[in-house]
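Novice: What follows is a single structure, and I will ask about it in a moment.
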Amino acid sequence: MEISARRIVVIGAGHMGRAIIAGLREKALDVSIDIVEKSQDRIRLIGDEFGIEPRPTYEPGQDDVVILAIQPQAFEEFSAAQPSGAFARSLVISVMAGVSIAAMENALNTVRVVRTIPNTPSEISQGMTVLCPGKAVTGGETSLAEQIMSVIGRTVTVRNEALIDDATALCGGGPAFVAYIAGAFIDFAMKAGFDPDQARLMTAQVLRGTADLMYGTGRDPEEMCRQVMTPGGTTEQGIFHYRDNGLHDLLVEGLNRSANRSRELGRIGR
Ligand SMILES: NC(=O)c1ccc[n+]([C@@H]2O[C@H](COP(=O)([O-])OP(=O)(O)OC[C@H]3O[C@@H](n4cnc5c(N)ncnc54)[C@H](OP(=O)(O)O)[C@@H]3O)[C@@H](O)[C@H]2O)c1
């Protein structure tokens, strides 16, 4: 399905909506962008940054791609305010956490819904977005959604919606979990005597370099550990300590708890 000359309507130009608009502009896709926003502060900021005047309400067009980037708790009021059939000729891509495909299909009266979960590095085009198309969404429409979400980073598409809760834990929460580990690295470096800037740079570069080495070379994490762990050397002292104290299992359990909470919140929202 062609993206050329499509109208993309971003509804809600907060953190995530802004990141998508910035990505669409940066990648210079051949699309027109409309924005629907209700916060006066946001309207001013978006106008200054992108030179686009947001509209207060959605005015349906033909073959629109509508990106729903409002807060999940604002969805009910938003959908109730739309005229009937407003989304009949659109593809809806939602970034709202915890709002199921079925809930959107019912409230918006359309079956062309793609549910996605992006994350905060989207702000710098390094996002990770997991997409799940509704059953009636075609392959072409799914590719279109992937193309749009790839303006803020990488994408993975799944057909089983239950995986969105696990993606919420790993990809949505992942930046916080990794930042938590980064905090320990920075504390260690500062206690050792590095200044804060040096500690931040060293930690960030280790994270970035490790991620690029792992994904770029296809090496698995165990192999990467073995590569640095000379027997009797320095690194194995740290790895042995983490292994003996169950750090791996603790990290997996944190992700499990996070995914379970996502499932719970999804049930409350139904
Ligand atoms: N930020 C993330 O890292 C992240 C990650 C994954 C998923 N998400 C999802 O992305 C969505 C947006 O998150 P965010 O962090 O970008 O939120 P946000 O910064 O609060 O932005 C949402 C914007 O939508 C506006 N809005 C609310 N109802 C509206 C309506 N009916 N019409 C037009 N605009 C409306 C809000 O205005 P008011 O402030 O006046 O209400 C606000 O400016 C959420 O559903 C969240 O679950 C976010």
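In case you wondered, yes, glycine gets a Cβ from its N, Cα and C as well.
Caution: TrEMBL annotation is automatic and unverified by curators.
Residues or ranges marked as domain 'Pyrroline-5-carboxylate reductase catalytic N-terminal' in TrEMBL: 7-98. The NADP(+) binding site annotation in TrEMBL covers I11, G12, A13, G14, H15, M16, A69, I70, Q71, P72. Per TrEMBL, the feature domain 'Pyrroline-5-carboxylate reductase dimerisation' maps to 161-265.
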Novice: Counting each residue once, how many in the domain 'Pyrroline-5-carboxylate reductase catalytic N-terminal' (7-98) are helix, strand and coil under DSSP?
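Specialist: Breakdown, helix to coil: 32 helix, 20 strand, 40 coil.
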Novice: Test of understanding: give the count of other CB atoms lying within 10 angstroms of the CB of A69 (NADP(+) binding site).
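Specialist: Here the count is 25.
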Novice: In Å, how long is the longest CA to CA span across I11, G12, A13, G14, H15, M16, A69, I70, Q71, P72, which the record gives as the NADP(+) binders?
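Specialist: Maximum Cα-Cα distance: 14 Å.
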Novice: Using DSSP, break the domain 'Pyrroline-5-carboxylate reductase dimerisation' (161-265) down into helix, strand and coil residues and give each count.
Specialist: 88 helix, 0 strand, 17 coil
Novice: Using CB atoms and a 10 A radius, I'd like the single residue among the binding-site residues I11, A13 with the highest neighbour count.
Specialist: A13
Novice: In sequence order, which residues at least six apart in the same chain have a CB under 8 Å from the CB of H15 (NADP(+) binding site)?
Specialist: T120, E123
